[in-house]
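The annotation transmembrane segment is assigned in Swiss-Prot to 16-36, 73-93, 126-146, 170-190, 199-219, 273-293, 303-323, 328-348, 355-375, 383-403. The domain 'PTS EIIB type-1' annotation in Swiss-Prot covers 425-506 and is backed by sequence analysis. Residues annotated as domain 'PTS EIIA type-1' in Swiss-Prot: 551-655. The active site, tele-phosphohistidine intermediate annotation in Swiss-Prot covers HIS603.
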Amino acid sequence: MRKKLFGQLQRIGKALMLPVAILPAAGLLLAIGTAIQGEALQHYLPFIQNGGVQNVAKLMTAAGSIIFENLPMIFALGVAIGLAGGDGVAAIAAFVGYIIMNKTMGDFLQVTPKNVTDPASGYASILGIPTLQTGVFGGIIIGALAAWCYNKFYNINLPSYLGFFAGKRFVPIMMATTSFILAFPMALIWPTIQSGLNAFSTGLLDSNTGVAVFLFGFIKRLLIPFGLHHIFHAPFWFEFGSWKNAAGEIIHGDQRIFIEQIREGAHLTAGKFMQGEFPVMMFGLPAAALAIYHTAKPENKKVVAGLMGSAALTSFLTGITEPLEFSFLFVAPLLFFIHAVLDGLSFLTLYLLDVHLGYTFSGGFIDYVLLGVLPNKTQWWLVIPVGLVYAVIYYFVFRFLIVKLKYKTPGREDKQSQAVTASATELPYAVLEAMGGKANIKHLDACITRLRVEVNDKSKVDVPGLKDLGASGVLEVGNNMQAIFGPKSDQIKHEMQQIMNGQVVENPTTMEDDKDETVVVAEDKSATSELSHIVHAPLTGEVTPLSEVPDQVFSEKMMGDGIAIKPSQGEVRAPFNGKIQMIFPTKHAIGLVSDSGLELLIHIGLDTVKLNGEGFTLHVEEGQEVKQGDLLINFDLDYIRNHAKSDITPIIVTQGNITNLDFKQGEHGNISFGDQLFEAK
């Protein structure tokens, strides 16, 4: 139960990163636009007072502000996409659900535009709809609901007369219904929840602010190895605290308030839950990297210099710290605990110095300049002396403990592992193999710094191999693996997903189970599209176009072109003279190659891999030659209909160079064994 919960929390944390990733672009526009309009920068650069420059600056500020003003909707869309595996249909469903929920709540509570003008009312105008203000939490709730609707109904089958609405088209319809129903309990209970949040944040921030900022920095840092820090900081950044802007609107959340105060040029009061990162990320951790380099064995210093130099520069410029932190987290957990304490003390120190700094992405030099130095609204220069003190503390504490306790930090290992050289195109294949192959992957995801994989069997994961491939660390919690590859993690995940989906086939062909049950048959380079190949019906039943198959791997022709048959009898016969190329271990899929070189995959039913061979009887074996009409497989049609998603059977030409299929009987209607199904050219 605990492991499953951790996996779910990981996915939620990663999903929150998608909308958060938009904020740096918005912050860049807003910060530069605001700085150009400010007197401080105009004093040094008088030419920017030009009317044209000022108009552009105003447009930049407005363009950046609109993102922050619509964060709840952006979170709804982003969370839906993140939790639905990146499918855009979930985002459409989230948008539909978001506007329906807000419109229904507004009408149910009889909210008028006049009510919205009262900041204390708890109402707001969202996309022009007077409604209850649910903030970012409301967006997250809708996003999660949209993802649930997608995962539940994306492959639903409906009667033929409602076939147009089957599959993904059904998701927004279902979301419209569920969000309408959700609006009523939200309208009744959310005001109480919001009052509770306000009371909690007021007590936390006003009564015990020093303790609160220390604990925030300390706990957030401790959660980073588990990837759960995004969940922890979200309410502090987007909900806790309140401030009234010049227009009379109530703004919630430390980051939202900070950005709004920067935009208006107001006196800064926000930033308490962000500013402590700057001394640590710009000074402390780079100094720790220097200590790790100095304590490395002489023969390893050249390699360590490259690793630590890159990680330190990444931390300094962007505030991305995981590549550096994971280099000592597992071998020296005491150092990481001290690092977390120092992080909390950094928040407390800047709070006591009355410094107010914020960021849109992380506490690196780029955000420091854009949102600290250029606006010049706080004592930003105090970060430098605090940071220098932190650099000294980090360097000597790390160096002393590494030597005293003989920690095996990078460059101090008893025996250096042999790094594996893998090109950019080979790396995703190598990582996939190190994870135990695609049959071992239950769920694949990534965030900015880490590859997140839920595996079926942890014993099949080659942890040292992942480190040799460039992972600075590998975290294991139950069957959830996190490999720290830094900023390239998301690209590795994307390419691994393509390989698993059969979109990239460069290595020897595998026939393994994955999330989409993708089965890839290696393409025979000798096959040529100049030949004509006749394929006869291997089943008796009703012909259906691939586009109507409720599985996007087949319907979007990721594996190749073809057709599907909804069987009326439980037999599969050879569609041509040829040879059995492969048989899937669970007997639900079979690959053949014809005497003329055409390669064909017959996939009996959808999601039938989960039946583990139950209901299937084989009559052939791999490598066996067959004649057209020979019996290949018997299957229990009733059992499949009762235990699988569908009995519909895709018949796929797996050669990408063969796309011209002539369907002699058409793509609809009944067909029998031996009838000509199509001609491939």
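Cβ coordinates come from backbone N, Cα and C, glycine included.
Predicted, not measured: the structure shown is a model, and the values here were computed from it.
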Three-state composition of the domain 'PTS EIIB type-1' (425-506), taking helix and strand from DSSP: 35 helix, 21 strand, 26 coil
Model confidence over the domain 'PTS EIIB type-1' (425-506) (mean pLDDT, whole number): 79
Interface-richest range of 73-93, 126-146, 170-190, 273-293, 383-403 toward the transmembrane segment (16-36), CB pairs under 8 Å: 73-93
DSSP state at HIS603 (active site, tele-phosphohistidine intermediate), helix/strand/coil: strand
Whether the transmembrane segment (273-293) meets the transmembrane segment (383-403): three or more C-beta pairs under 8 angstroms: yes
Positions on the same chain near the transmembrane segment (355-375), where near means CB under 8 A and six or more residues out: 20-21, 23-24, 26-28, 31-32, 34-35, 38, 40-41, 254-255, 258-259, 262, 268-272, 274-278, 280-282, 315-321, 382-383
Positions whose Cβ lies under 8 angstroms from the transmembrane segment (73-93), at least six residues beyond its ends: 11-12, 14-20, 22, 67, 126-127, 136, 138-140, 142-144, 146-151, 154, 168, 171-172, 174-175
Contacting positions for the transmembrane segment (126-146) when only residues 6+ beyond its ends and CB under 8 Å are counted: 12, 15-16, 70-80, 82-84, 90-91, 93-94, 97-99, 101-103, 105-106, 109, 111-113, 115-116, 171, 175, 178-179, 182, 186-187, 190-191, 194, 234-235, 238-239, 250, 252-253
Cβ atoms near the residue listed as 'active site, tele-phosphohistidine intermediate' (within 10 Å, other residues, all chains): 27
